[in-house]
Amino acid sequence: MRFALAITTLIAAVTAAPSGHHGGKDLHKMTLGQAGDRCGADQSIYCCNEKTTKIEHSSPETGLGGLLGATVGADGLLSHLLGTCTKIPVNVLAVGNLLQSECTNRAACCHNTPSVAYGGLVNLALPCVAIGSLIQ
C-alpha cells in the first residue's frame with residue numbers, strides 16, 4: 001500500500017513539474033508582430049534600457065513607489081524596475097522584423113493610457129509587463 005502511494009506521488013510530481021519547453025516562440029526569434037499579439041490591443045511595445053534612474057526622496061513622483069525602491073515617473077512607468085522605456089513603433093513594414101533587432105534590452109508591454117493611481121489608501125500603478133514573462 002505504501003509503495004503504491006509512493007509511486008503515485010512520484011508520478012504526480014513528475015507530471016506537474018514544469019518542462020524546459022516554453023510552448024511559445026523563443027524571445028530571440030519573436031517578431032514585432034508576434035510581440036504585438038502578445039501585448040494585446042490596449043498595450044504597446046516598449047524597449048526598456050538598463051536602470052539609470054536614481055531615487056529622489058523630495059520628488060512628488062515618489063509616493064509608495066519611492067518607499068518600495070521604484071520611482072514612478074510622469075509617464076507612469078516604474079523606472080527603477082524596467083529602466084528608461086521608449087515606445088517601439090510597429091508599422092506594416094516593421095511587423096516582420098525581429099524584436100531583438102529593434103530592442104536589445106528588455107522589451108515590455110505597456111498600457112497606451114497613462115497609468116495614474118489617485119485617491120486610494122494604497123496607490124500603486126503597474127502599467128508594464130516584460131514580454132519575456134508573457135511567453136509560455
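Note that Cβ sites are derived from N, Cα and C of the backbone, with glycine treated the same way.
When the candidates CYS39, CYS85, CYS103 are compared with Swiss-Prot, only one is recorded as disulfide-bonded to CYS47, and it is CYS103. For CYS85, the disulfide partner named by Swiss-Prot from the candidate list CYS48, CYS110, CYS128 is CYS48. In Swiss-Prot, CYS39 is paired through a disulphide bond with CYS109, chosen from CYS109, CYS110.
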